[in-house]
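What Swiss-Prot records for this protein:
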- Asp21, Leu22, Asn23, Arg36, His59, Leu60, Gly61, Arg62, Arg113, Arg146: substrate binding site (BINDING)
- Lys197, Glu314, Gly340, Gly341, Asp342, Thr343: ATP binding site (BINDING)
Amino acid sequence: MTVLKMTDLDLKGKRVLIREDLNVPVKDGVVKSDARILASLPTIKLALEKGAAVMVCSHLGRPTEGEYSEENSLKPVADYLSGALGREVPLLGEYLDGVKVEPGQVVLFENVRFNKGEKKNADELAQRYAALCDVFVMDAFGTAHRAEGSTHGVARFAKVACAGPLLAAELEALGKALDNPQRPMAAIVAGSKVSTKLDVLNSLSQVCDQLIVGGGIANTFLAAAGYKVGKSLYEADLVDTAKAIAAKVSVPLPVDVVVAKAFAESAEATVKAIDEVADDDMILDIGPQTAAQFAELLKSSRTILWNGPVGVFEFDQFGNGTKVLAEAIAASPAFSIAGGGDTLAAIDKYGVGEKISYISTGGGAFLEFVEGKVLPAVAVLEERAR
């Protein structure tokens, strides 16, 4: 994968437009989770150090296109950036007809989704973005799977289009895990439905040595192996699909599980052997014996890709499986990459973030890359680098 990188460019005196993913949760005008903003700071700081006039843009939420809405304004993000950078970061509402930014200055453009044509990737809007800058930097891996005006269109028309450090690091880490992984490779894919992760499971079954499944996905694989899953969430129509995947790659199944009679925070947890699941049981986590076996697998792996918690970890009595696996990944010498919103929440909860080689900032983009799909915003950077 060959793309031009911002780190290789001379930006002195240049007008640089950086597309970041600053789509963060905001409540009552205050940023509630700053992870994406923190991830973008090194890129913004580097552009300033290189002497660029810096313009930053992003979307936030899903406003009605072409209409301003206060709840989707980037004002709280501008305030946060001002504090984080130790300088005022003005929020510009009107910018499509040109802005005055001096080298060493940084401004934030208001939500790109307030602009008509953003989601449809309209050429006219993309050309207006491109006219604002000498160099366009795509740094938002989290939106790289969407062909929109500020992620894809602008890269077609800008004088120079390159990948920012955050995007470049994501592509490098994912490439390392998927293109030429050190063996043995283990993948953990968990979630409520096989149907939503079918492409991920199929793709990983061709690259990994061990495919650990969890959540509702594991229940479908258990049913495929002839076990009773009681009232657990599973997809009867995908049992044959699960069998086909299990025929291609080693899918270790739980030997014990944690069950409850109801899906509730107050539900009583009971550990049962896999062949003792009753008709009115719901499987809500892997059991301690299974967690220990899977942990050993992970500790002996050299590449680990993790997407999804293996139990309902939001309820502590069903969180042990995810906790044990998270700690095993952290203790493993493997190159480990983790992605997906629930996975990041689990990493935070169990405090293992420092020990995971790479934590992806992209949810949908992470999954599409793992599926082997082309990310439009990356493809256009490759075209421009030719």
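A Cβ is built for glycine as well, from the same backbone N, Cα and C atoms used for every other residue.
Because the structure is a prediction, the values reported are computed rather than measured.
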Nearest of the binding-site residues (Asn23, His59, Arg113) to Lys197 (ATP binding site), judged by Cα-Cα distance: Asn23
Fewest Cβ neighbours within 10 Å, where candidates are the binding-site residues Asn23, Thr343: Asn23
Rounded Cα-Cα span from His59 (substrate binding site) to Gly340 (ATP binding site), Å: 19
Fewest other Cβ within 10 angstroms of its own Cβ, chosen from the binding-site residues Gly61, Gly340, Gly341: Gly341
Closest of Glu314, Gly341, Asp342 to Gly61 (substrate binding site), Cα positions, binding-site residues only: Gly341
Candidate with the highest Cβ count within 10 Å, taken from the binding-site residues Asp21, Glu314, Asp342: Asp21
Pairwise Cα distance for Arg113 (substrate binding site)/Thr343 (ATP binding site) [Å, integer]: 27
Gly341 (ATP binding site) versus Asn23 (substrate binding site) - Cα distance in angstrom: 13
Surrounding CB atoms that lie within 10 Å of the CB of Arg113 (substrate binding site), all protein chains: 24
